[in-house]
Amino acid sequence: MLRTFRIGGIHPPENKLSAGKKITTLAAPKQVIIPLGQHIGAPAVAVVKKGDTVKVGTLLAKAGGFVSANIHSSVSGKVNKIDNALDASGYRRPAIYIDVEGDDWEESIDRNETLVKDCKLSSKEIVDKIAAAGVVGLGGATFPTQVKLTPPPGNKAEIVIINAVECEPYLTSDHSLMMEKGEQILVGVTLLMKAVNVSKAIIGIENNKPDAIAHLQKLAANFNGIEIMPLKVQYPQGGEKQLIDAVIRRQVKSGALPISAGAVVQNVGTAYAVYEAVQKNKPLFERVVTVTGKGVANPSNLLVRIGTPIQELINAAGGIPENTGKIIGGGPMMGKALISAEVPVTKGSSGVLIMNKEESVRKPMRDCIRCAKCVSVCPMGLNPTLLMNSTEFTNWELAEKNYITDCIECGSCSYTCPANRPLLDYIRLGKGKVMGIIRARKS
Amino acid sequence: MILIAVISLGVIGAIGALLLYAASKKFEVYEDPRIAQVQEALPGANCGGCGYPGCSGFAGACVKADTLDGLLCPVGGAPTMAKVASILGKEAASAEPMVAVVRCNGTCSVRPRNNQYDGSQSCAIASTLYGGETGCSFGCLGYGDCVNVCTFDAIHINIETGLPEVDEEKCTSCGACVKACPKNIIELRKKGPKSRRIYVSCVNKDKGAVARKACTNACIGCGKCEKECPFEAITVTNNLAYIDYTKCRLCRKCVAVCPTGAIHELNFPPRKEAATDTKTGADKPTPAPKTEKTPVTKEVAAPQEKVKEKTN
């Protein structure tokens, strides 16, 4: 019996159209737009100014706080301007525009493809190097990695869990990365283990990727303490708390950090970025992005420089098909519709999904029939319909009492609702309000 | 048998009555009778516009307070406060009547849509998801959260413009719409003499070119009004002009110089030809004379007119 998390969960159609496709490198565009806030936490502070010449890998912006990350140039060229740029949600936020000239990399970056296995650095040096390279969680939440590797006092990591489940339908970027960069990922995992001083790591992979499981299992034989664990396909297994439950059968208390269960969870893409940062001195300025959709001529996994307009990716995959309803940034479950195809790829972009009009349209909402399907699928054990109602009637105490702040916004409730109720929309609103109330109470 | 039952029940009843009487005397809570009187004088809408939880909360606060300074029932206004003052034998604080003002004039015709939203028809939810259906991420979303919270039926969405309009006769300036608007577009402003007032009907903080591209009625932060104002009532911060209504003397000079028509004047008599700036004359026609006949018109009278004449 394969393991999975024990509460709730759904299994939407997988639609992994781009599975098995090799990663192709997308050439740098004419201009990149690199936002200063690509991660959770404070936006980075620009250290370059208009007219500066930058190389690939040059530091553009320094972390603007403890929970923040450095940002590096993904191209070589001239800083055109530092101005507000449209982000995926239609708000304008500060970004650095760079006009591309040639492809001149910083000399410190090791561009050799050979695998570097040994690392003599101490755990602190590894964490510092990761911080300097601006590595953030590449699963989509973009939490600065060095913060996760520095457990708050009183907590001790016991195990590193690598999230390679890729539970979102359609997305295959992690899958392709595992097939092509398996050894590098495993070195990255050893580095992460060293960074938090643990001797055990488990890589959780859903068993809809048998080739990746077999491939990594073969490679892991040469590494100490790394185990590959096939998991039953279940959404949202990629959620941190769900994965911890699935892999080591521990539950994280409401409001607590995963480290309280002794686990440090990192995405498989992050492990690869850590390898590149520590062993190759390469900052995080490119990532694998899946471009997919039922109407897309050539669904693909592209290695893209951060800051490339999404339109370029779509062009590489065969252009925007006719009858396109929405372009989603991310997967179909947690992704958000993009306001324009001109918005840039950021560190958190795992996929671009093009949906046709029929797929993308929202069905009309009807009255709740009290079937409690949302309750049974909620992976956090919440009561989504109650939370939606308490938000609708602005009963924040009721929402707080029913743990609205524990919602991971996976969307299983909205997906499963037979009355098409926008449960998550309301819960997200209520969660924001309640968190604001809690913050105000604390200060 | 019946007699025993009647007597025993009667005795039990009498003992109970005595106990209750004693308890009510012993644990009597004195409540100021004036609280009830004040509450009687209040409108009883329980809108919370005064900042207290309902009318009884406000009545309690009035009775407790030494002076009525800072206490105002926005629904009842001055007459109600005068009544409250006479009950309590205190001086009623004089308060300027206020009114809700919608600071967005991005009508459908001047602010083109570049995407379509099909989620929940609620401004609060839409704003947690993204910037909105137009290029302006500051402007009115138009799903009517302000309409839904108004207990006085004083704000409605105009289908033609897609923007809410305040019926100033009904508006009690309780501020419910101000709180409900996730974009902070609605502001309580001084009603002004004869309901005349001037305000910047835009909250876009983007740079001029960006704002203008998204909406031709947007404030572009050019600063002309700031320079023109003889009373230092206008400040431009973050590419957006704001008129301080406590300093504004309603001279209307800013309205004439605004290149985009973002500054609105309401309920003024028509200007004389000489007073109109020739440069902006074409862009900014004199308000129609109907404002003169009915000094209290709906909020949107001016903007609507402008739109019509611009598109012609």
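Placement of Cβ uses the backbone N, Cα and C atoms for every residue, glycine included.
Binding site for [4Fe-4S] cluster 1 per TrEMBL: A:C368, A:C371, A:C374, plus A:C417 from the candidate set A:C119, A:C167, A:C417. Same-chain residues that are not part of A:C368, A:C371, A:C374, A:C417 yet have a Cβ within 8 Å of the Cβ center of the [4Fe-4S] cluster 1 site turn out to be A:I369, A:R370, A:A372, A:K373, A:P384, A:T385, A:C413, A:T416, A:P418, A:A419, A:R421, A:L423. Cα to Cα, A:C368 ([4Fe-4S] cluster 1 binding site) and A:C410 ([4Fe-4S] cluster 2 binding site) are separated by 20 Å.
Same-chain neighbours of the [4Fe-4S] cluster 2 site beyond A:C378, A:C407, A:C410, A:C413, judged by a C-beta within 8 angstroms of the site's C-beta center, are, in sequence order, A:G8, A:C374, A:V377, A:P379, A:M380, A:L382, A:P384, A:I408, A:E409, A:G411, A:S412, A:L423, A:L424, A:I427.
Rounded to the nearest whole angstrom, the C-alpha distance between A:C407 ([4Fe-4S] cluster 2 binding site) and A:C371 ([4Fe-4S] cluster 1 binding site) is 20. Counting only the Cα atoms, the space from A:C410 ([4Fe-4S] cluster 2 binding site) to A:C417 ([4Fe-4S] cluster 1 binding site) is about 14 angstrom. Mapped onto DSSP helix, strand and coil, the domain '4Fe-4S ferredoxin-type' (A:397-427) counts 18 helix, 0 strand, 13 coil. Each residue contributes its Cα atom, and for A:C417 ([4Fe-4S] cluster 1 binding site) and A:C378 ([4Fe-4S] cluster 2 binding site) those atoms are 11 Å apart.
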